[in-house]
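> My questions will all concern the structure given below.
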């Protein structure tokens, strides 16, 4: 995927920031730039699915944003309005730092639980990475979901050997 110099630089800077913060605050299991880069690639994978029409979407809401995957990479590439919802103070501080350091004016960090949020303008895309099971996610997010919302849940594939 050809992202352009400015977007590639922001993604690289985000990866470096995550690596540095991770040494102190344990935000991610990814302990190297290569592992973080793989997480960035995984975050951007839905952009390759043309039928999702992600580039037409204007508002992304991420639940349990933690270390920023998948919303930070997606928001950087899409340039859409992004809300990062993270109740944990340490993680929200990291997300706010990324927003400021990378000049992500289209991002907003909310230090709240998703079930406490009500929104008049519903997001076009709702993302989450391994936060809750699907049923629990839908219950917790019922106040922000509209029938037009596209929900992207990033889950680990569990295989039996």
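The backbone N, Cα and C atoms fix where each Cβ goes, glycine too.
Unlike curated records, TrEMBL annotations are generated automatically.
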> From the candidates 55, 129, give the one listed by TrEMBL for the same S-adenosyl-L-methionine site as 64, 69, 114, 115.
129
> Please find, for 64, 69, 114, 115, 129 as listed binding S-adenosyl-L-methionine, the greatest distance between any two Cα atoms, in Å.
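Greatest Cα-Cα span of the listed binding residues: 20 Å.
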> For residue 114 (S-adenosyl-L-methionine binding site), what residues in its own chain, 6 or more apart in sequence, show a Cβ-Cβ distance under 8 Å?
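Spatial neighbours, sequence-distant, of residue 114 (S-adenosyl-L-methionine binding site): 63, 64, 85, 140, 141, 144.
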> Please list, in sequence order, the residues in the chain of residue 129 (S-adenosyl-L-methionine binding site) that are at least six apart in sequence and whose C-beta is under 8 Å away from its C-beta.
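Sequence-distant Cβ neighbours: 43, 64, 66, 69, 70, 153, 154.
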